[in-house]
Amino acid sequence: MELPLTQHIVPGRKPLSLKEYEKVGGYQSVRKILKAMTPVEVQTLVKDSNLKGRGGAGFNTGLKWSFVPMGPEAATPKYLVANADEMEPGTFKDRLLLEGNPHQLIEGMIVAAYAIQATISYVFLRWAYKLAAQEITQAIQEAQEAGYLGENILGSGFSLEMHLHTGVGRYMCGEETALLNALEGKRANPRAKPPFPQVSGLYGKPTIVNNVETLCNLPHIVNNGAEWFKGLSQSPDSGTKLFGVSGRVKKPGCWELPIGTTIREILEEYAGGMQDGYLFKGLLPGGASTDFLVEEHLDLPMDYGSIQSAGSRMGTGTMIILDDQTCPVGFVHNLQHFFAQESCGFCTPCREGLPWVEKILLAIDRGEGKPEHLLTLDFHTKYLGPGNTFCALAPGAMEPLQSALKYFREDFERHIHEHHCPWSKVWQPSI
Amino acid sequence: MLTSEEIQKIEHEISLVPTRKNACIEALKIVQHNRGWISDESLKDVAEVVDMSPAELDSVATFYNLIFRRPVGRHVILLCDSISCYVMGYESIRDHLYSALNIQYGQTTADGRFTLLPNCCLGTCDCAPALMIDNDLYRNLTVEQLDEILTKYT
């Protein structure tokens, strides 16, 4: 099995230095594009490889780039931003790439910047990733000294500066337009689209924001080609993917696997199956803002289309397991507390609706629920759904709620009829 | 009053961005790094340097979880309360901290040593439950380890 992204990562070991990274073929893709490819050729290659954004949305990366104005008339400077604000609950995949091989990210960022002719780039890193911040700072310095960053890279005439920016904590910063506001020193409210960031992004200039894992794929696509990248996968989607599992499994962790590996294989072969004494009840396939899947879905391949056809999303590819000894109402209440707290408060449905959902879930969990509460929750899943809010935060929050109401409705009803939590465990955010 | 060193660092951040305002979060980080939190006085001082009104700067400062607008202890404990840590029983860690430190979320110990805050997912869900104290991450926590961890911070 070919695993390009993690081949040089040994958890717990210091990442490769620039010299070591070059010895195993590092920065070859930069030499190749600067010598032999035009920016548009790089865009076309990535589009043809069918690399889809690994931050959750799954949009074709090359296609996203193609909306950036090119040529001498285009506004300058253009910007490239690596979205390393990993803050989706249950998601810990980019941390592996950031701590494990920072030069791979920098190389990918140079490729992306060249493809859109960006001259200034940022790594927007989550404050909590202290080790990653150290490693990236050192790697940027090494890359600068070796001439891969800065003025006139390798004598090509192409220049790129790179800065590390650490955030100060807010889930909204993961949304690309909110991230740009945060970078500009503003509240991280999302922006209206259009204009899209490709045309008017950071400081009103053309900007691309790509996820860390997306960027880390680029050197390998440049070196090995689009067909090779497609061949890594066991599904219509190309490449490998970092998949993670957390919860009551024997060996929680994060592994690079071909896209299209089945959920069952990831759960049983890699995560070691459920811990003794715990039974599988359901899972969120790709972070907190994805719909539950249950037993009947375990043989589905983890690819964008298959998970979507089952009513969920592959999202970030990091699964959270619900076991039989965890109360599903408490589980969903915990998620809604997070979303209510992290709502930026800009649009009314999200600001008002999410706290209401949270309150109802706490009432149900305490045994104070009424049958009509379930209808109120159903109502919210529609009215906080896609198209009714300014950004994707509230619709994302509704995904685990609507599917919990579908698959675990009996558990919600038992709380209401029995007037207490059958698990005898009420989650209270701050007691 | 900001120190000349603080002003110098803020001016450096301002030199990297198009307008003075764009450096306001970096400016708040610099002052908080030195003083632990952003007092009303610091807020006004920073606002003047970055050419914003105090109210406008406060709207930014209060938006972010990790800019502290109230005093904190010498060490800040950020306990993850998001989904994977919930499933893995972080509540026993929280309850132990409550009793060991005799404080609840948002409070500071009487000796000014610790402030305890809940925090969103720390991105280490395969090693839940987890918390951070200052810049240090602790994972796969058990109640038994907690007391020893706390003794490292004076």
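Backbone N, Cα and C atoms are what each Cβ position is placed from, and that goes for glycine too.
All annotation found in TrEMBL is predicted automatically rather than curated by experts.
The [2Fe-2S] cluster binding site annotation in TrEMBL covers B:Cys80, B:Cys85, B:Cys121, B:Cys125. A helical conformation is recorded for B:Cys85 ([2Fe-2S] cluster binding site) in the three-state DSSP classification.
B:Cys121 ([2Fe-2S] cluster binding site) falls outside any helix or strand according to DSSP and counts as coil. Of the binding-site residues B:Cys80, B:Cys85, B:Cys121, B:Cys125, B:Cys125 has the largest number of other Cβ atoms within 10 Å of its own Cβ. Chain A has a C-beta under 8 angstroms from the C-beta of B:Cys121, B:Cys125, taken from the binding-site residues B:Cys80, B:Cys85, B:Cys121, B:Cys125.
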